[in-house]
Amino acid sequence: MATYQEYKSRSNGNAYDIDGSFGAQCWDGYADYCKYLGLPYANCTNTGYARDIWEQRHENGILNYFDEVEVMQAGDVAIFMVVDGVTPYSHVAIFDSDAGGGYGWFLGQNQGGANGAYNLVKIPYSATYPTAFRPKSFKNAVTVTDNTGLNKGDYFIDVSAYQQADLTTTCQQAGTTKTIIKVSESIAWLSDRHQQQANTSDPIGYYHFGRFGGDSALAQREADLFLSNLPSKKVSYLVIDYEDSASADKQANTNAVIAFMDKIASAGYKPIYYSYKPFTLNNIDYQKIIAKYPNSIWIAGYPDYEVRTEPLWEFFPSMDGVRWWQFTSVGVAGGLDKNIVLLADDSSKMDIPKVDKPQELTFYQKLATNTKLDNSNVPYYEATLSTDYYVESKPNASSADKEFIKAGTRVRVYEKVNGWSRINHPESAQWVEDNYLVNATDM
């Protein structure tokens, strides 16, 4: 299904003259959008201006392909009335996102772009007709609702500056509008898109990537940066992402994390600790965290790098105090962190579905026995990275361009050669030294 975001990427800055008259007018932009979506377009047969699309909507056939809506989402077609100083001849454009203060961002032609080309402009909602038009093909797409409550079993995604500023398409692909958005890192870095990401999703929280190691004073400075740059949408949860830069002093690391969380709590938010289980066990006394902030753990642990839209419970990284589980980094093709809620906002009791772990999960040094079969009936067994690791292209290699895999990642082992294991595919160019692999059932 074609999406608005794809159309925007293709069209912004370009001009389209569909009827061959008067150059790239606003109607031509609307008609081109319809053609892109595979839909017929309505003509302006009364006044000759865009207002006819709305005023003749019951006669021109547009309602056969579009639904009338009162609350706009990205990709809806908006028709503007005759308003002096704003849209003096009426206008048609595509809603992009909320701009605040009674204005929206609209993608359209003949609104100031060179030679009438598509551009984004801020126009008051007061100039629009009471309803907009949403392509019926968008009917099953998720929409921003401002519902940020969390129930057990809900899904959410977490995003950073690696994702697009407009999360509409990302949320549609993931099947949820609920997000946790990266705001800051260390003491200087700020995302350039966290506000727009919040505007185009239903944020349940925001996160900061910590670099303070075991320095409690630095942790408090990082918390101050985070708190002073939050998006305007209100949330309950603020997260410290602590998965790197730990010091050798486990107690100092723990104190620093708690110092950060104390700052969050004193500002009126619910603090959450995010990391991977192996990193946490090696560097943090997490029992002290949950003693002060019960059920405040958001843990990451993946079975593999295949697309996963729902969790495989036999791979849950069991530990105390877990509220959310990031069960995959590939929630959609191309990569996207996806999470499941284990504890509702008002709950303190977590129930994990009981799954009998198969005997085949035991780690063996040979592939002769107790293996599993993949979809091609090729035997493999499963193991876990004991530390962050850069995989090699072949045994004993020293590649310049290496793929990074995080500690705690589960991998499939297909072949073993002289102390090296080929992982993830029987013909892959991914090799790990055996002494960095541990029994997956022990993690």
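For all residues, glycine too, the Cβ spot is worked out from N, Cα and C.
Remember, it's a predicted structure, so these values are computed and weren't measured experimentally.
The domain 'Peptidase C51' annotation in Swiss-Prot covers 1-131.
Cys26 (active site, nucleophile) falls within a helical segment according to DSSP. As annotated by Swiss-Prot, active site, nucleophile applies to Cys26, with the evidence given as a curator's inference.
Annotation comment: Swiss-Prot describes His91 as active site, increases nucleophilicity of active site cys. Its Cβ taken as reference, His91 (active site, increases nucleophilicity of active site cys) is surrounded by 28 other Cβ atoms within 10 Å in the chains shown.
The region 'Acm domain' annotation in Swiss-Prot covers 145-344 and is backed by experimental evidence.
Sequence annotations record features per position, and here Swiss-Prot assigns site 'Important for 1,4-N-acetylmuramidase activity' to Asp158 (among others). With a cut-off of 8 Å between CB atoms and residues at least 6 apart in sequence, the same chain places Thr179, Ile180, Ile181, Lys182, Tyr207, Gln326, Asp337, Asn339 near Asp158 (site 'Important for 1,4-N-acetylmuramidase activity'), listed in sequence order. In the three-state DSSP scheme, Asp158 (site 'Important for 1,4-N-acetylmuramidase activity') falls into the strand class.
On its own chain, Glu185 (site 'Important for 1,4-N-acetylmuramidase activity') has His208, Phe209, Gly210, Arg211 as residues at least 6 apart in sequence with a Cβ closer than 8 Å to its own Cβ. Under the three-state DSSP scheme, Glu185 (site 'Important for 1,4-N-acetylmuramidase activity') falls in the strand class. According to Swiss-Prot, the site 'Important for 1,4-N-acetylmuramidase activity' annotation covers Glu185 (among others).
According to Swiss-Prot, the feature domain 'SH3b' maps to 380-441.
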Query = Per DSSP, how many helix, strand and coil residues does the domain 'Peptidase C51' (1-131) have?
reply = 34 helix, 33 strand, 64 coil
Task = Identify, in sequence order, the residues in the chain of Cys26 (active site, nucleophile) that are 6 or more apart from it along the sequence and have a CB within less than 8 Å of its CB; answer 'none' if there are none.
result = Ala50, His91, Val92, Ala93, Gly108, Gln109, Asn110, Gln111
Query = Residue counts in helix (H, G, I), strand (E, B) and coil for the domain 'SH3b' (380-441), per DSSP?
reply = 5 helix, 31 strand, 26 coil
